[in-house]
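Working notes for the structure below.
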Amino acid sequence: MIRDPELLNQLVDTISRFVRERLIPNEVRLAEEDAVPPELLQEMKEMGLFGLSIPEEYGGLGLTMEEEALVAIEIGKTSPAFRSVFGTNNGIGAQGILIDGTPEQKAQYVPRLATGELLSSFCLTEPDSGSDAASLRTTAVRDGDHYVLNGTKRYITNGPEADLFTVMARTDPSNKGAGGISAFIVEGDTPGLKRGPSDDKMGQKGAHTCDIIFEDCRVPAENIIGGKEGQGFKTAMKVLDRGRLHISAVCVGVAERLVEESLNYAIDRKQFGVRLADHQLIQAMLADSKTEAYAGRTMVLDAAQRKDAGEKVSTLASCCKLFCAEMVGRVADRAVQVHGGAGYMAEYAVERFYRDVRLFRIYEGTTQIQQLVIARDMVREVS
Ligand SMILES: Cc1cc2nc3c(=O)[nH]c(=O)nc-3n(C[C@H](O)[C@H](O)[C@H](O)COP(=O)(O)OP(=O)(O)OC[C@H]3O[C@@H](n4cnc5c(N)ncnc54)[C@H](O)[C@@H]3O)c2cc1C
């Protein structure tokens, strides 16, 4: 749903200009320094990017899902690590509190998340529980007016820097499945919360992950999200529904950027006396990538509109994540191919994007998990 087309166009134009004029020129610096330049972080905060999908009453821009998807497509046209910092805040870091938090929890944390004063993270994955997230082992044991957390969370985006963590932990040891899990808000400076060293990743340099280790970490009982035990896994799944649409939109943006990079290169370079773009086998790659990026855009916007209309879109969100993450992988592969040897060289953006996009098929539910979710929902619907 687009509430005010003129206002949204202005926002998308502003973001598009910011991407073109400020972020794209700093992509190499981002990768080389493995950090978002501080002045760009400040500009992102001033533009409201940390509060895109946070309701206006908490100081965010309160975008609908369709509006957020259109913005995420624009942001996708530059290195995904730029998005990772604020996307995590708007998305998996804040949504648990927003969707299921008590009014007091929302009032205490969400306004500061919306401005970027607080940076947040989402802690679900563990060393022995990834795709099978419901088997997680981190424990939270009630002790008076606190819970005591013990366990390790793995590959946590924003982990090295975050001020606030949404942590899924088992409060009922007799229930080994989803029903035994609760979600907690844990402040980054709580004694007993430790951060492992930053992971050395394949791509998306500038976005950081690390282990988050809880050793007798005492969290106030009022920090259990929604005030009730046993709801945490459901909260995590609701958060991921929205996150999957957001990530799908980012994949579309990256794919559109790669189509543009491929086309420009194919027009500039000549082989056998003609432009690469005049060779039909190159044209086939360009056409396939353009078509797939368009298909991704169309399906993400359709699912987003349905979500705004109140439809339950878990299955469609998984369809989008499955298609768009795989699609951008194919588009990146073709982009390298169109560039030939240059595509293998760090000097060209496509080499970096080729590594960056690999992650989309893995996090927020792997491709195989999306397939399982879609098929499970299909079978459940008819039976
Ligand atoms: C850079 C990065 C950032 C991340 N950020 C976060 C974060 O902020 N918060 C967080 O909680 N997690 C985060 N993750 C973790 C991510 O969500 C998990 O890595 C992902 O869910 C997969 O889990 P796993 O790595 O344990 O792989 P596994 O679950 O061990 O899967 C290995 C392979 O087996 C397949 N597989 C597993 N089960 C099945 C099955 N039943 N049927 C068929 N195939 C199956 C998988 O698809 C995959 O191909 C991040 C990961 C990375 C790499």
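Just so you know, the numbers here start at 1 and follow the chain as drawn.
Every residue, even glycine, has its Cβ placed from backbone N, Cα and C.
Counting residues of the domain 'Acyl-CoA dehydrogenase/oxidase N-terminal' (9-117) by DSSP class, helix then strand then coil, yields 85 helix, 0 strand, 24 coil. Annotation comment: TrEMBL describes 9-117 as domain 'Acyl-CoA dehydrogenase/oxidase N-terminal'.
The annotation domain 'Acyl-CoA oxidase/dehydrogenase middle' is assigned in TrEMBL to 121-217.
According to TrEMBL, the domain 'Acyl-CoA dehydrogenase/oxidase C-terminal' annotation covers 230-378. For the domain 'Acyl-CoA dehydrogenase/oxidase C-terminal' (230-378), the predicted model reports an average pLDDT of 97.
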